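K.L.:
Handing you a structure now.
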Amino acid sequence: MRIGILTSGGDCPGINATIRGVCKTAINHYGMEVIGIHSGFQGLLTKDVESFTDKSLSGLLNLGGTMLGTSREKPFKKHGVVSDVDKPALIEKNVKELGLDCIVCIGGNGTQKTAAKLAARGLNIVSVPKTIDNDIWGTDFSFGFDSAVSIATDAIDRLHSTASSHKRVMVIEVMGHKAGWIALYSGMAGGGDVILIPELSYNIHNIGDTILNRLKRGKPYSIVVVAEGIQTDGRKRAAEYIAQEIEYETGIETRETVLGYIQRGGSPTPFDRNLSTRMGGHATELIAGARFGRMVTLKGNEISSAPLEEIAGKLKLVTEEHDLVVQGKRMGICFG
Ligand code: F6P
């Protein structure tokens, strides 16, 4: 068999480890030929590819980013690298010309949607869930999330220094437009006093009261962790908006930090490296068994898979019943 592999959407720790997991298993265990497709679906439109050998897959396990390059090209949307052509038809033609029996798509929600649409047109597709946001339906965790949480937790730990020394409120903004997984996990692991996520609405007076109550109890500083997608006045970034509102409410000096792309860069954690290796290996197992149109999943500690049409277009969001929210609230942490 001759398979193609691409990475699409935002970069994320563990992509290279997944490429390694897929390709080494495909080449060494199954004797497949592997073609790397550059820059996501863009490379499928322009036939920008390279041939992989076991040697070209060395040094990838702990490497950040994606050695294949990525793009946000959406072949079912008009605009992109090529216009005025039927992009899905062009992909089908190129896949045929490249002699690919299957394409492994590594990506987030947008990628899963495209993968599902290509599969529905009859292409052989297997996908792997990738995102620091952890919001892909059907899998408990996507690789990249643990690394992002680890980076964000370290940042929160460090903010404690300035918060306690200067008796300030420190607001940190982490990624997550629609889903607050990074804010929830890093906020709890970093000992945040207030955690705000897009899924749970907040009342600024409650937040002010929480911070002033801490002051009354001899804790003159607070850590506030916010996801970038929480409700604001629409003009300012989440951290800036919340910091200003808190200072107004409490009169306590408040500073904000936006973690940004730091949480997407660099080396994956050991958990993500092993998850990537397992998911990558399972992807080749699906191909070998001709089980196409599926995304690899993690359920509990079991690697499995689910049909792409069941996953595409859905988001996995935090709920009020999540154990970290329930236990956090009982401990006095404010979720809004
Ligand atoms: O991959 C997810 C994510 O990191 C989001 O949390 C973030 O808002 C988005 O990507 C931003 O990515 P870019 O600026 O590359 O579009």
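Glycine is no exception: its Cβ is also placed from the backbone N, Cα and C atoms.
Predicted automatically and left uncurated, TrEMBL annotations should be read as such.
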K.L.:
Name the one residue among GLY10, GLY14, GLY21, GLY176 that TrEMBL lists for the same ATP site as ARG72, GLU73, GLY108, ASN109, GLY110, THR111.
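P.N.:
The one candidate that TrEMBL places in that ATP site: GLY10.
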K.L.:
Taking the mean position of the Cβ atoms of GLY10, ARG72, GLU73, GLY108, ASN109, GLY110, THR111 as the ATP site, which residues outside that list, in the same chain, have a Cβ no more than 8 Å away, listed in sequence order?
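P.N.:
These residues sit around the ATP site: SER8, GLY9, GLY40, LYS74, GLY107, THR114.
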K.L.:
Recorded positions GLU73, GLY108, ASN109, GLY110, THR111, ASP133: which have a Cα within 10 Å of MET175 (substrate binding site)?
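P.N.:
If one measures from the Cα of MET175 (substrate binding site), the recorded positions that come within 10 Å are ASP133.
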K.L.:
So of ARG72, HIS177, ARG264, which of the binding-site residues has the fewest other Cβ atoms within 10 Å around its own Cβ?
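P.N.:
If we count Cβ atoms within 10 Å for the binding-site residues ARG72, HIS177, ARG264, the smallest count is at HIS177.
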K.L.:
Which has the fewest other CB atoms in a 10 Å radius around its CB: MET175, ILE262, the listed binding-site residues?
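P.N.:
The binding-site residues MET175, ILE262 were compared, and ILE262 has the fewest Cβ atoms within 10 Å.
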K.L.:
Provide the number of Cβ atoms within 10 Å of the Cβ of GLY108 (ATP binding site), excluding the reference atom itself.
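P.N.:
If we count other Cβ atoms within 10 Å of GLY108 (ATP binding site), we arrive at 21.
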K.L.:
As a check: which entries in GLY10, GLU73, GLY110, THR131, ASP133, HIS177, the recorded positions, place their Cβ less than 6 Å from an atom of ligand 1?
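P.N.:
With ligand 1 as the reference and 6 Å as the Cβ limit, the list reads GLY10, THR131, ASP133, HIS177.
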K.L.:
Can you count the other CB atoms that lie within 10 A of the CB of ARG255 (substrate binding site)?
P.N.:
16
